[in-house]
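Q: Quick one: this structure, given as structure tokens, is what I'll be asking you about.
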């Protein structure tokens, strides 16, 4: 049954009740006053909120001044005309700020639902009833703001004493309504307020049930990690897993099952979650969710036969044996027979790892998260070392310097490879205590900066500049570069140098290994004599390769295998050396190509993003004063980012790209011509190879475009090539990237000078401070 809130005055907000399936209040339509004071029924509304021009995001909308008598206080509050309300109060100090309009709604309700921070603050400071219950749903201003996910309005109201535990006529409290909004950051904030996480509405639904029904996997995960019950039941006996099965969201199902949700729970009609999924034709996502959680469709826990530790050991040993088998195959069989056998042996290794050793893991990235690729590098190093000891050490006279150089490169490669694997890449510490997390949240909300750019909802920690949440490691990494399966670790602030040294040592070692291989063959191999009958010739390639293959096929295969690694490692080394010289990471270069700025979605550059953050903080009223701005400063409701992403803010230039844009035919769609088909086919064939070799970061997206755009104006950390290289190769531990949260007003150079000064002066603080330009 639809319920409506109407008013004799023009503002009209309609609310209707829906799922599951009869009692969720959602915003249907809003008629707002235009800048001219007339009613606009065709205005673009999202979540009950007038879509403002992107230039207006983060500040009060500028409107033509109106006389107080032109509109009543309710219409002014809905407009967010703080100045007019202030003038009205000055003219009539006894004005009733809790007066009701025809819908039984107060001005604070209208200001809250439209996210007018300045108006809300003025009304509260002037004595408006903060917990006034109004409208047909008998809700408070806090509940109206929560329904639309207005984080900063919710924070303002709660900080001024609003009660989040009041229920409206449908039995919803503030936590239920924020869950309805699907906005993650407001939900996170509310979970650290004095609310009962398992409070039920009139029909017995908890916030977790609502999140599961909506398919909001982030909200489901957040509620579970804050202690929500996964086995509570509503009035119909349905659990959160039942509602997740109704929606068919596999990620929500996975989170619930991992948290211990019962697969055998039955609702009042005797149906389990699986029964409901099958009845609603959602068995496929339900099964995938179970598999990714480590369960079979029959409710049996899937576990590896060897156990985690033995599985790692088996994956480590398997490439050692298989590489020996592949290289020895060419010793036992002719080339034309050995090649198919070698391919079959390699594919057999792949099959064993993926389907046998890791067969119980259904995650798509299970191979890249395992030690498989690192084991291939380890096996290669073992057999290269074996070849040097058994062949080059005593059988290459006259190449002492090459042998010495190879030993240095080999030892350096092994050492840096090991350190890159075991070194903490710069994992940002996770939040542990609720009080500590709440303090960080309150600080960020007060500053108007609680969003995915600054806080990770998975790690429950504030995110430093240049950091990123790695989905593979499931941790935030300071000065994140990329996740490298070849070192079984992320590359970040603390192990980036070890990683690059490993690559450089590897390249140098391969070059010297190839040189020593050629010298060994030339000095020790007998003269190659082809078969006398041309029809029986077994080697039609160069005489040198035929001679090497006939003399020592194992060594030749090892040299060719090493040469293959030389290709991608050379590209990797060149790109990283270039990035080091520009004080950039692979992730930042990729962002430049995709978004036009380094730090992800949020501004044209890190410099611009920081400026935008300061403007946003001022706009949402973080400072002292009556003026404020709408919630739009933090992005529209529900636009909060996940753990590996940033808030979707409109670009500073004011233009928002969409279907209405006309930037040429290429901007409107894609081509299905021959070139497009060939390009797609090429990507399909080479994509997996590029991923395995680690070259995908240079080919996917617009990474190459990012390299072209990597100018100094877009990089506030660039101190010049020489200083950048010194900073990378000779670190003095001045900069702790795990605690740098913003660019100082004086710039990065000023910050570095201040750190150096503090280090030289006895008693210097030696830590991050905001530095003014006058101090340097």
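For all residues, glycine too, the Cβ spot is worked out from N, Cα and C.
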Q: Swiss-Prot lists transmembrane segment for one of the ranges 256-276, 277-297, 403-423; which is that range?
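A: Spelled out, Swiss-Prot records transmembrane segment over residues 403-423, not the other listed ranges.
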Q: Answer with yes or no whether Swiss-Prot records residue 171 and residue 361 within the same membrane-side topological domain.
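A: Both are annotated on one side of the bilayer.
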Q: Looking at 207-227, 228-248, 312-332, 438-458, which one does Swiss-Prot call transmembrane segment?
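A: Going through 207-227, 228-248, 312-332, 438-458 one by one, Swiss-Prot flags 312-332 as transmembrane segment.
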Q: Among 552-589, 590-627, 628-665, find the range that Swiss-Prot records as region 'Disordered'.
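A: Among 552-589, 590-627, 628-665, the range Swiss-Prot annotates as region 'Disordered' is 628-665.
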Q: For the feature transmembrane segment as recorded in Swiss-Prot, pick the matching range from 180-200, 369-389, 474-494, 684-704.
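A: Going through 180-200, 369-389, 474-494, 684-704 one by one, Swiss-Prot flags 369-389 as transmembrane segment.
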Q: Between the stretches 369-389, 403-423, 499-519, 554-574, which one has more Cβ pairs under 8 Å with the transmembrane segment (312-332) than any other?
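A: Answer, by Cβ pair count: 369-389.
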Q: Across the topological domain 'Cytoplasmic' (575-776), what does the pLDDT come to on average, as a whole number?
A: 55
Q: When you scan the chain for residues with a C-beta under 8 Å from the topological domain 'Cytoplasmic' (358-368), skipping those not six or more beyond its ends, what do you find?
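A: For the topological domain 'Cytoplasmic' (358-368), the far contacts come to 288, 291-292, 294, 302-305, 311, 315, 471-472, 483, 485.
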Q: Using all protein chains in view, find how many other C-beta atoms are within 10 Å of the C-beta of residue 484 (active site, S-palmitoyl cysteine intermediate).
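A: Summing over all protein chains shown, residue 484 (active site, S-palmitoyl cysteine intermediate) has 25 other Cβ atoms within 10 Å.
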